[in-house]
Structures are given as C-alpha cells and as structure tokens.
Amino acid sequence: MKSPVPDYLDEIIETFKDDRQGELADYIPELARADPDTFGIALTVADGRTHSAGNDDYTFSIQSISKPFAYAAALTDLGLDAVHETVGVEPSGEAFNELSLEHGTRRPKNAMINAGAIAVHQLLVGRSSNVEERVERVRSFFSELAGRELSVDEAVCRSELDTADRNLAIAHMLKNYGIIDDAPHDVVEGYTRQCSIGVNVRDLAMMCATLANMGVHPVTGQQVVSRRVARQTLSVMTVCGMYDAAGEWLTTVGIPAKSGVSGGLIGALPGQCGLAVVSPPLDEHGNSVRGVRAFRKLSDDMGMHLAEAEPQGATVVRDFYVRGEKEAVLELQGTVQFSGAEAVLHALENDTTGTDRLTFDLSRVDRVNDVARRMLLEAKRRAELDGRTTDLVDPDGVLTSSDVDAAKEAASESH
Ligand code: GLU
C-alpha cells in the first residue's frame, strides 16, 4: 500500500499554490530575488520518517528559524540559568526587529526577536567566544539535527551585512547595557552568518522532530539536547515564535512554531512530528502567507492543535482480573503518564478481589514517564504495606529505564 500522507501534502500544495498574496522581504536585497511561486512542505514523524511535497529540495537561508535552535545550543552550552540572566521568556508583542528591552532587567524580552537572538548568539560556546567558534557551533549543531552537512550561503550573508544597520543598532544597545561582551560588529556578523545557513524543508522538519521528540534525534536515536532544553525551546516558540501574531497563531494553529523572513515556517508538535513549509511571500507580520495557511489546514485536518490532546488515563488499565484463587493481575498498556498512573491507583483503591498476590503486568507498556514510575512504585509499596505480595512483569524494563535518568537530569537543571 502507498501511504496517503504524501498525497495529503500534495493536496496542501495544490490548495494554496495559486494564492498570490504577500510580499517578498526586500530589506535583505538577496531575498527579494526569490521566486514567489516556490512552495514546499515536509513532515517528519517522531520515529524518523519524512514525507514531503512541492519544492522540497529548494535551499533557502534559515533566517529567524535559526533562533530556536541557536537558543537550544546556548542552553546546552551554558545551562538554563545563565541564559535566562541574559534573555527573558516573555512575548514582546512587537515586531521582530524592535529596539526594545525588558523594563527593569534590561534583558531582551525573548530569544525569538532579533535583540534576544543576537544576545543568545553571543553566548554560544561561552561569553568569550569569537565569531568563527560561534558560527561553527550553530553550523555543526544544525547539521547534526538535519542529518547532513549544512553551510553558510555567502551571497545572502554579504547582502544582509551590507544593510544590517538596524541589527547593528540593536547590538550597540545590548553592548551599552552589558548584555553582550564582544564587539557589536562581530556579534552581528556571527548572527548574520547563523541566519544565512542554507536549509530545505526536509532539513527543517527533521530538526523540529528532534525538539518534538524531547531532544532525541528521530533517526540516530541520540539525545542531541536534554529533555529540559527541548521543553524550554518549544515553550518559548509557543509564546514568542510568531512575532506579533503569536496569540492569533496559538489560538488558530496551536503548534509551537517559528517563522523566518526568507519564507520558511516550522512547527514542532510535542510527541508527534516536526513540520516545515517554505513560500517566500510574507504577510504584514513577516510570516509566510502560504505557510500560515498550510499550517492552519494541517492543524485543522490532522487534529494537531496542542490543546486537543486525547485523554490517555482510562486507556492505560487494559484489564484487572483474578488468576487462580489468590492472584489479582493488573494489565497495563501504552504510554503511562500522570493520568494513566492515577487510573491505576484508582483501580487499586477500589480493588475488591481480596487476593494475597498482586501482579503488575507491564508487558504491553511502551513508556512510563518519571512521575508515573514513582506513582506505580508507590502503588506497589502500599499494596505490600497492606500485606500483599507483589510481582512485576516488565520484560522491556520500562519501569526502570531511561526516564529515571531523565528525571535526574531534570532535577539537576533547575530554572
Ligand atoms: N536575519 C534576519 C534579521 O535579523 C532574520 C529576520 C527574520 O527572519 O525574521 O533581520
């Protein structure tokens, strides 16, 4: 059977390809030369398969879509607290290139506007890093996420540097308030090179899938960034990713996202997939017109709004039955999080089997997150306190594996 998913992506391209609204960005001269008809889309699911349609191999400069990934790299290099001292996490409600800082702290409001992204860029590798080190850090990190070697588009970079007065003004403002240490010109040069890294939608969908997959690369299985860093990055994308249209985006599309001035738009749906669209004409907020429409359709058609998560708890208890005379068996299934573990505790609280033995059968369980693990172990402990003998059937070790390490890691990374 041929999967209908690529056909669906083709349908999205067909639906919006004749939509000619929006303008090409022209403040970076090289971007004004883009073909307005270019339109590509890609989707990578959390276990690594990529589907795409339209101009899926069209290479464009990543621009502001670099910001969440550079933020994730800086969080990894310096830790959450150090980055938080330099840049906040509040939506600005302003245009991407506003010369503004948070009242009181004098930090940029978030890492998705230029002031925050320029400050974050300077943090990469460490506060005393130089341009080459910082650019290589993001280039190699983005390459690792994309699964292929990426490079800087020098023509786009030169074109933006020739007209970078506004970003230079922002960098001077940051230097004045001690937010950056390096020379403003060097910071803007590094940041502009970061924005000029060439990508296509398949690269971006793969990069997003790692964020959606709690930092685990969906193809290599490597933990590329910690769960905490992935969570932080997706959270900031959720509140600040769409410039001054963030609220409209969250209510209509509901996918953590980031747009860029070259017409790219990415989304990362936690636990499910990474998405990317490119179409250069932009709306008044600087977001790709076809990109926004494609995401709205995807979210509606595929039920991708964050706030529409399916209830999980009740499905976790597959069966609860008596075997022989003295043994009750509690069969669990699927992914167990708080609500699933609560359903287990509820079943045990109302247990009228009166058996001496209680068996927890986890052979059909795929994952147990840390809180559910602690709740299940507590259920086991309390059953023993009640005088019952307990058994654990856990052939894949889901109750003892990776999430235990993840919990330790989360505890050590405060914020
Ligand atoms: N390099 C661009 C700038 O700093 C990125 C802006 C964007 O993509 O929105 O102006």
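Positions of Cβ are set from backbone N, Cα and C atoms, glycine also.
Unlike curated entries, TrEMBL annotations are predicted automatically.
With Ser64, Asn114, Glu160, Asn167, Tyr191, Val261 listed by TrEMBL as binding substrate, the candidate from Tyr58, Tyr177, Tyr243 annotated for that site turns out to be Tyr243. In the vicinity of ligand 1, defined as a Cβ distance under 6 Å, the following of the binding-site residues Ser64, Asn114, Asn167, Tyr191, Tyr243, Val261 are placed: Ser64, Asn114, Asn167, Val261. Same-chain residues at least 6 positions away in sequence with a Cβ under 8 Å from that of Val261 (substrate binding site) are, in sequence order, Ala25, Tyr27, Ile28, Leu31, Gln63, Ser64, Phe96, Leu282, Gly286. Here the domain 'STAS' (329-393) has, by DSSP, the following mix of helix, strand and coil residues: 28 helix, 25 strand, 12 coil.
Across the residues annotated as binding substrate (Ser64, Asn114, Glu160, Asn167, Tyr191, Tyr243, Val261), the widest Cα-Cα separation comes to 20 Å.
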